[in-house]
Number of protein chains: 2
Amino acid sequence: MREPGRTKLPQFLESTDPGFEAQFQALLTMKREDSPDVDAVVAQIIADVRARGDAAVIELTQRFDRLALTPQSLAFTPEEIAAHCAAAPSEERAALDLAAERIRAYHARQMPQDADWVDESGARLGWRWTPVEAAGLYVPGGLASYPSSVLMNAIPAQVAGVDRLAICVPTPDGVVNPLVIYAAHLAGVSEIYRIGGAQAIAALAYGTQTIAPVDKITGPGNAFVAAAKRRVFGKVGIDMIAGPSEILVIADGGGDPDWVAIDLLSQAEHDESAQSILITDDAGFGQRVAEAVERRLETLERREIAGASWRDFGAVITVRDLDEAADLSNRIAPEHLELCIAQPREFAAKIRHAGAIFLGSWTPEAIGDYVGGPNHVLPTARSARFSSGLSVMDFIKRTTLAEMTPAALRAIGPAAETLARSESLEAHGLSVTARLERLNDGDL
Amino acid sequence: MREPGRTKLPQFLESTDPGFEAQFQALLTMKREDSPDVDAVVAQIIADVRARGDAAVIELTQRFDRLALTPQSLAFTPEEIAAHCAAAPSEERAALDLAAERIRAYHARQMPQDADWVDESGARLGWRWTPVEAAGLYVPGGLASYPSSVLMNAIPAQVAGVDRLAICVPTPDGVVNPLVIYAAHLAGVSEIYRIGGAQAIAALAYGTQTIAPVDKITGPGNAFVAAAKRRVFGKVGIDMIAGPSEILVIADGGGDPDWVAIDLLSQAEHDESAQSILITDDAGFGQRVAEAVERRLETLERREIAGASWRDFGAVITVRDLDEAADLSNRIAPEHLELCIAQPREFAAKIRHAGAIFLGSWTPEAIGDYVGGPNHVLPTARSARFSSGLSVMDFIKRTTLAEMTPAALRAIGPAAETLARSESLEAHGLSVTARLERLNDGDL
């Protein structure tokens, strides 16, 4: 059961209104998504795949996707991949080529440096980054089967140096999106399974007779996929559990109300639970944007979805000035923040919590969804307060390094002995003491 | 009920043995820890703290810690903190000072750089790192109340620039470890609550009348704390859920068997579920280490714990050569890897999965627990395959930046329009189209 927030909250808010703080709090804590409790079903599916492997995956795919598979047809063959790639329209292929190139260039800059130094005690310290060996990428089937998401998940893994990338994408009734296959191919992925749901996550995490297990699983999915990812977390790494999409546009009165209206709708059209908010210091501009939204909603293909999202969760907030807009933005910690203002760069310096910032009126958020370069997998539901979008960092990990010399151990070892004693960890202390005794014996 | 692995597995393994692969697999997948199912109790505690705030926290502290608190005495006062700091013995204080200084110097090097560049399309791209605003650190009470863990959790947060740090440490029957308070003070933390368990995690995540909520929670704890952290994940960020400690020592025949024995025992003494493994290319050396372990176990203070861990989960593996040792080590992906061999630096280059590496015989793992500089909060249970130890990165997050010019939008916008159309996201495409039309109208 969906509980529209609009029953409690007006669409237009003004920060000078005495009731504003309460309204803004309601906006912040508004429950936009139902989480159907699928955990028991998912636990059973995972147990079944662990116990019976391929046979369980095949049965569940028959049941949920109405598709008859064998262990041999779980994966696309190289010939099938080539045929789907050839079937992808050339204009879309060229667009994906450009997107892949730009995403790769952006993420290549994210690779962090190793470090190695000798400190004043003589201790050699540092760290080293190494890639995850195998990653699994989940791609939803049906309407939300986005080739752009394949690029956004697979390219950071590829740039990180992951050896093996496996994709799971369900193909209900056998329907394949050739652009998804082409995007996988572009990102160097040749291991693609036509399975989905919790059974696909279980197969990636625990392996089957046909599918080798991976170390990390990323990618969006429905409630079953999300619950399965939560359950296998620990056995493998996972990325975030993404909620419905959000955009916050901050605009002064100088822009085009219609541009802002479409930008708000470009999130609203994703999902009835999506949220689009405008903050402006010009009440008249806010009014014109709202009118433009209604006009655009008359003809938009996904007007039912976008309209429901805007009615239930959309808001136009008028503030005294842009400083107040920055404060409210930091409290919202939006997934996407668009700055349609005269001096966006100066203003951006005031923003502390946001997944991605789009600066200036020439930067619609949709550019970031496809070809900008930065990742479009971003923290939702205010989690930009403590987390980041997907990046190369999700596919590498750090090993710290320490190497003592006898002199270094003599310098810092006694403090370790003292602390080990105070924590009642005798062997910890003895491991230092035995070595220091050797030094004091004059062997070295 | 504990299920000792030793019933199935010998303590001495040889890689040349035909049964070795099966034995090694058993060692890898050995269940060492019971996870008591406390989830229902924890869910209730969290709901209670959310509903009743301070009153619930105070009641639960009375019940579990036999300690009567009021909202006013939930936190240590500045005077109490000063008194506990003064009560800490001076030798321990000096040791913590040295540890804090070295941990701070190491972690200061971890701060990543912001980035900002203009690409060939004219698009300005980049990212910016910002600190989490408020972090909560959990410190267990009783025996496992380690001041060193306070430093390892609080200093990275402090280095990251976190504005507010709150510590929760239970004080059962009112017993306070003054070194924990001193360590908090050293790390700049003055907000310390004498509460623990799931109720402390709930208070940090959701806030009470007295305790402001935080954005990120880190620190070790018992099954209740771990279950509570899993439950509040999403509302706040959490660090890893740590399992029992582990060490893998790789040794050639050239070292001192007694040193290696103590190093193995320094993990074993943590916990009956800890695991200590030696891999050596010298069977005789392995035998001598095992004998030294038995000798040390005769007198070790925590011999019951360490002995149980060694008997149930310890192992000595003889391999053909050190290359084979590196392969096995990468399959184990140990939390701690100690290299007691002649050329540790060259060998370390072959290691892909390990939380921390200690190079050479002069670097006992215990140095890393206290004063080495690297963090001692490290991935356990083979999760070094996909995750890293605690660092400054856990307390900062990345905001990506993109700023188009009209020329950049003209160059890359059409590809975004194409991809939006192919994903049936019309408003995404229109947000680009509306701007490109303006450009084509010749307004600019």
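Even glycines carry a Cβ here, placed using N, Cα and C.
Note that the structure is a prediction, hence the values are computed from the model and not measured.
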Practice problem: Name the one residue among B:ASP323, B:ASP327, B:ASP369 that TrEMBL lists for the same Zn(2+) site as B:GLN267, B:HIS270, B:HIS428. | Solution: B:ASP369
Quiz item: TrEMBL records B:SER245, B:GLN267, B:HIS270, B:ASP369, B:GLU423, B:HIS428 as substrate-binding residues. Which of B:HIS185, B:HIS336 is assigned to the same site?
Solution: B:HIS336
Self-check item: Residue with minimal Cβ packing [other Cβ atoms within 10 Å] among the binding-site residues B:HIS270, B:HIS336, B:HIS428
Solution: B:HIS270
Quiz item: Cβ under 8 Å from chain A: which of the binding-site residues B:TYR138, B:GLN199, B:HIS428 qualify?
Solution: B:HIS428
Quiz item: For the recorded positions B:GLU335, B:ASP369, B:GLU423, which one has the sparsest Cβ surroundings, going by other Cβ atoms within 10 Å?
Solution: B:GLU423
Exercise. Consider the recorded positions B:TYR138, B:GLN199, B:ASN222, B:GLU335 and say which one has the Cα lying nearest the Cα of B:GLN267 (substrate binding site).
Key: B:GLU335
Quiz prompt | Of B:TYR138, B:SER245, B:HIS270, B:ASP369, B:GLU423, B:HIS428, i.e. the binding-site residues, those within 10 Å of B:GLU335 (active site, proton acceptor) when Cα atoms are compared | solution = B:SER245
Quiz item: How many Å lie between the Cα of B:TYR138 (NAD(+) binding site) and the Cα of B:ASP369 (substrate binding site)?
Solution: 18
Quiz item: Taking the Cα atoms as reference points, how far is B:HIS336 (substrate binding site) from B:ASN222 (NAD(+) binding site) in Å?
Solution: 21
Quiz item: Would you say which of the binding-site residues B:ASN222, B:SER245, B:GLN267 has the most Cβ atoms within 10 Å of its own Cβ?
Solution: B:GLN267
Quiz item: For the recorded NAD(+) site formed by B:TYR138, B:GLN199, B:ASN222, which further same-chain residues have Cβ atoms within 8 Å of the site's Cβ center?
Solution: B:PRO140, B:CYS168, B:PRO170, B:GLY196, B:GLY197, B:ALA198, B:ALA200, B:ILE201, B:GLY221, B:PHE224, B:VAL225, B:ALA228
